[in-house]
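Heads up, the thing below is written out as structure tokens.
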Amino acid sequence: MKRLILASGSPRRKELLETAHLPFIIQKSSVNENISDEYTPAEIVEQLSLRKAKDIAQYYPDDVVLGSDTVVVYDGQVLGKPKSDEDAYETLSKLSGKTHQVYTGVAIISEEREICFHEATEVTFWTLTSEEIKEYVSLGECKDKAGSYGIQGYGSTLVKQINGDYFNVVGLPISRTVRELKSFDITKRSVTE
Ligand SMILES: Cc1cn([C@H]2C[C@H](O)[C@@H](COP(=O)(O)OP(=O)(O)OP(=O)(O)O)O2)c(=O)[nH]c1=O
């Protein structure tokens, strides 16, 4: 029976996949995430997801490997993780009082087939004061997160409204992912029998 391998070091993706009650193994990929900004956000997250999954699939040729990637897009600009506190401050200042999109790509691959998809969620921030942004950055929560915030943490207080899948913002559109995994014969039933 094929095993499910999560090609990710993201604690959020691990937690979300755990909610689906599917046994899986974690194997973090260390591919570089440099990609031309000529691609659309949807292409970027799908291609990076595929890159991560393929990197790990070479060590697990008989299994099913899942890779994923999340970016924040504001005004056509793709915003990844902050490089510094100053960078995070700048990003959050841009997002203040505005609506942005969070794109998460997912790639699921086995020896026989591969699929890629993405989900986009719209997130609107409250208008934030400079003090509020500084306070948030000082918490350190922004460091390893696309767009410099975590909606699942204190970052929830920055968010006025969302339109779309919440879990997609956290880093994995778990509902669609589990449905797609079924077509790879990764289901709760098949692994408990
Ligand atoms: C917008 C947002 C992003 N994020 C996170 C999800 C992802 O972990 C991270 C985006 O970085 P990614 O490069 O997508 O993922 P990663 O480096 O954390 O993990 P890996 O490549 O090994 O799979 O931002 C949140 O946790 N909450 C949020 O609200």
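A Cβ is built for glycine as well, from the same backbone N, Cα and C atoms used for every other residue.
According to TrEMBL, the protein carries these features:
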type	residues	note
ACT_SITE	D69	active site, proton acceptor
SITE	R12	site 'Important for substrate specificity'
SITE	T70	site 'Important for substrate specificity'
SITE	Q152	site 'Important for substrate specificity'
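Everything TrEMBL records as a feature, shown here on the structure.
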residue	record	contacts (Cβ under 8 Å, 6+ apart)
R12	site 'Important for substrate specificity'	Q152, V170, G171, L172
D69	active site, proton acceptor	E33, I44, V45, L48, S49, K52, T104, G105
T70	site 'Important for substrate specificity'	V45, V102, Y103, T104, G105, A146, V169, G171
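For Q152 (site 'Important for substrate specificity'), other Cβ atoms within 10 Å of its Cβ number 17. Following the DSSP three-state reduction, the secondary structure of T70 (site 'Important for substrate specificity') is strand.
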